[in-house]
Amino acid sequence: MTQKHPDFEQEAQRLAFTKHYMRQLLEESKRDVQSAQDSIRQSMADLEYLDSSLSYLNILTNARFFEMARDQKEGLEAIKQKPYFARIHFQKEGEPAEKLYIGKTSLFDRETQEPIIVDWRSPVANVYYDGRLGDLTYKVRDEEYNGHLFSKRQYKIEEGQLLDVQDIDLTTNDELLQEALAGKADIRLTEIVSTIQAEQNAIIRAHLKQPILVQGAAGSGKTTIALHRISYFLYTMGEHFNAKELMILAPNQLFIDYIGDVLPELGVDQICQTTYSEYAQQATGIKLKIQNPNEQLEKLVSEDAIDPTVLWLTKMKGSLAYRDVMDRYIRRIEAEIAEQFEDVYIEKYRILKGSHLRKLFLGDFSYMPIEKRIDRIKSVLQNYVRQKKKQILLTLNKRYDDILDKALFGIQDAAKRKQTVTKWIDERDERIPAVEKQAKSTSSNYMKRFKKQKIKALYREFLTNPDLQSELTPEWSDAEHEQFCNAHMKESWALEDLAAIFYLHAKIKGVSEQWKMRVVFIDEVQDYSLFQLAALKEGLETDMFTMVGDLAQGIHSYRSLTDWAPVRELFPRATYKTLQKSYRTTIEIMAVANEILSKMEEDLPLVEPVVRHGDEPTFHEMKELDPAEIELIHQQIRDKGHRSIALICKTSDETMAYTKLLQKAGVMAQTLSESSEIDQDALLVIPSHLAKGLEFDAVIVTAIEKPFHDSALDRKLLYVAVTRAMHELHLVGSARSSFLLEE
Ligand SMILES: Nc1ncnc2c1ncn2[C@@H]1O[C@H](COP(=O)(O)OP(=O)(O)OP(=O)(O)O)[C@@H](O)[C@H]1O
């Protein structure tokens with residue numbers, strides 16, 4: 001047994017004190033919750049006979065009070081078992097030294113306002129993650145402070161009991177990290193705040209108002225970092241940003257479920273977690289039956305070839321060149337609209353020149369989406385009409401007064417005078433109300449010419465109208481035009497079309513407030529096309545994107561990114577960072593993964609595993625699926641205490657077939673599809689492309705009938721499959737070469 005830390009008893013007392021204090025607060029907040037509830041009930045009852053506005057005010061105040069008390073109660077309950085995980089002994093220049101305990105949320109002494117626990121996201125906690133011992137500087141709201149860090153200490157606390165105390169210096173090798181990494185796949189994500197590494201911390205806390213792009217190796221913590229950055233962002237910028245304005249884009253529903261539990265643990269609620277496809281359809285209000293991009297991929301995997309037309313279409317529709325085509329289309333629509341601005345009249349009076357409105361539309365208001373500009377022009381027109389109507393009425397009234405005066409005093413003959421005066425009065429009494437009436441409807445009548453655009457129809461028109469295509473894409477060859485037209489004869493929608501539709505919607509109608517996210521986090525960004533990113537950025541009018549990805553896992557690269565340079569051009573303000581260290585896999589598994597990585601065309605450095613050893617990956621020769629042997633491997637893994645175990649196949653067809661065979665032989669196997677709930681007791685059978693982003697304690701990769709070839713796509717699929725394993729890897733196939741490994 002390792003020796004107890006000399007301060008163990010003291011630390012145990014500190015923990016006891018903290019827990020005691022928290023218990024008191026918890027009791028108090030429970031009472032507060034209760035009393036706020038009682039007050040609300042009372043106010044409701046009083047509604048009947050008290051002045052109702054006073055009662056409403058009472059209810060509102062108590063509701064606010066109730067929410068505060070409830071939040072505090074929930075906050076305390078959440079950290080009760082583990083109030084903090086580390087301590088820094090720190091001295092800020094010019095102030096006395098302090099011992100600060102760092103936890104998931106902060107807690108202050110009510111009387112002294114001294115911190116009992118400091119939030120991990122607070123500026124001073126950065127010292128724990130970032131600072132080596134000794135003199136250092138840290139930032140609070142862009143201002144730099146000096147300080148001295150005497151010691152860093154970590155605690156192992158479980159169920160409110162102090163188990164261990166460790167002093168550390170170099171965080172990279174600390175024992176807490178080692179222990180965390182040795183943990184199980186299903187309990188880990190939430191506990192990472194205590195072991196975040198300096199290089200990860202730098203990304204979590206990197207300039208929040210600037211975009212950031214991270215190329216990180218498999219298992220380097222990209223997803224983890226993105227989630228923690230959201231938490232940090234809301235903590236630091238919460239005053240200016242509402243959680244509802246933040247969005248995280250994940251590759252699929254499976255992945256969303258996987259991270260779904262983590263965000264609330266990090267104190268993040270209400271943030272929109274979705275996929276690009278879902279988001280684009282919701283934001284545009286256009287529901288489309290989108291071909292599953294995985295089907296295309298499947299085809300590519302099984303047939304090793306892709307229809308050249310499909311390939312051309314996919315690549316082209318994902319490119320910025322396609323955005324330029326859409327821009328031309330928008331300009332064409334704009335020009336058509338601009339043509340329709342004629343002079344505006346009330347009766348015979350021209351109140352506004354068409355050229356003036358056209359100038360507003362094409363010039364002054366050009367920064368807005370087209371239909372927003374038209375709305376603005378409508379209000380401009382309404383104002384003009386209002387003012388001009390007054391002037392016209394004044395002029396007319398004056399004119400009639402003058403004419404009447406002239407008639408009354410100028411015409412000698414009484415009968416003639418009467419006749420003339422009556423004529424003018426009649427004319428006036430008819431004309432003035434008519435002008436008033438016309439003025440009322442001038443703007444709305446005038447604006448009727450501008451019809452609302454139907455985005456889907458508009459885009460469909462482009463896809464199917466050869467003349468329009470020729471006009472908008474003069475750079476395409478005749479053959480390309482023909483291909484394009486033929487491919488779209490039948491209505492069908494690919495993921496690529498969504499970027500164009502979202503873009504057209506954004507530029508023509510504008511993204512509505514509800515969907516106007518101000519901050520975007522994208523995981524697996526290598527699977528996006530440039531146009532997808534550009535459409536989002538322009539539609540949302542923000543570049544506050546956190547993008548994390550790994551080109552080595554770019555299994556959709558025939559349709560998406562193969563290089564970060566164009567993304568960096570698209571986001572010129574973006575900080576670019578790389579992460580080379582993998583926290584997921586053991587050294588032994590990473591060696592296999594690196595062998596595959598080194599065969600890739602992309603110039604990616606090998607991944608450095610954090611020093612953690614495990615069993616050597618095992619190769620099992622199998623010419624056809626032997627359920628009994630698979631079950632044996634499965635059980636052996638389970639006997640070692642591992643819980644999440646996946647069998648990763650190359651294709652979905654194999655996934656289905658193997659699950660059936662295994663189930664028939666009595667093995668508890670479950671196919672994991674995009675919509676399924678994970679059953680931790682089953683052997684999860686999953687195709688390689690769906691496994692991306694997930695992780696398992698142990699992985700069995702199969703290449704029984706279908707070997708992985710030495711092709712760009714297969715290397716990536718295999719790399720993805722292998723790097724899902726945390727502790728154990730088994731390769732089951734007809735030969736080692738089926739896994740691109742030396743015999
Ligand atoms: N600082 C850390 N302390 C403890 N565990 C960590 C740390 N960083 C990452 N991990 C763990 O490493 C594993 C990989 O992290 P994550 O899934 O975020 O990586 P990733 O880069 O998104 O991987 P991939 O690209 O392969 O999907 C997770 O189990 C995560 O909990």
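The backbone N, Cα and C atoms fix where each Cβ goes, glycine too.
Sequence annotations record features per position, and here TrEMBL assigns domain 'UvrD-like helicase ATP-binding' to 195-586. Look at TrEMBL and you will find Gly216, Ala217, Ala218, Gly219, Ser220, Gly221, Lys222, Thr223 tagged as ATP binding site.
Across the domain 'UvrD-like helicase ATP-binding' (195-586), mean pLDDT in this model comes to 91.
Non-local neighbourhood of Gly216 (ATP binding site): Lys222, Ile225, Val548, Gly549, Asp550, Thr578, Leu579, each in the same chain, at least six residues away, with C-beta under 8 Å from its C-beta. The ATP site is defined by Gly216, Ala217, Ala218, Gly219, Ser220, Gly221, Lys222, Thr223, and by the 8 Å test on Cβ atoms against their centroid, the other residues of the chain that qualify are Thr224, Val548, Asp550, Leu579, Ser582, Tyr583, Arg584.
The C-beta environment of Ser220 (ATP binding site), restricted to residues of the same chain at least 6 apart in sequence and closer than 8 Å, consists of Asp550, Leu579, Gln580, Lys581, Ser582, Tyr583, Val607.
For Ala218 (ATP binding site), the Cβ neighbour count at a 10 Å cut-off comes to 23, with all displayed protein chains included. Using a 10 Å radius centred on the Cβ of Gly219 (ATP binding site) and all shown protein chains, the other Cβ atoms total 27. In sequence order, Ile259, Asp523, Val548, Gly693 are the residues near Thr223 (ATP binding site), counting only same-chain partners six or more apart with C-beta under 8 A. Checking the binding-site residues Gly216, Ala217, Gly219 against ligand 1, the ones whose Cβ sits under 6 Å from it are Gly216, Gly219. Around the Cβ of Ala217 (ATP binding site), the number of neighbouring Cβ atoms within 10 Å comes to 29.
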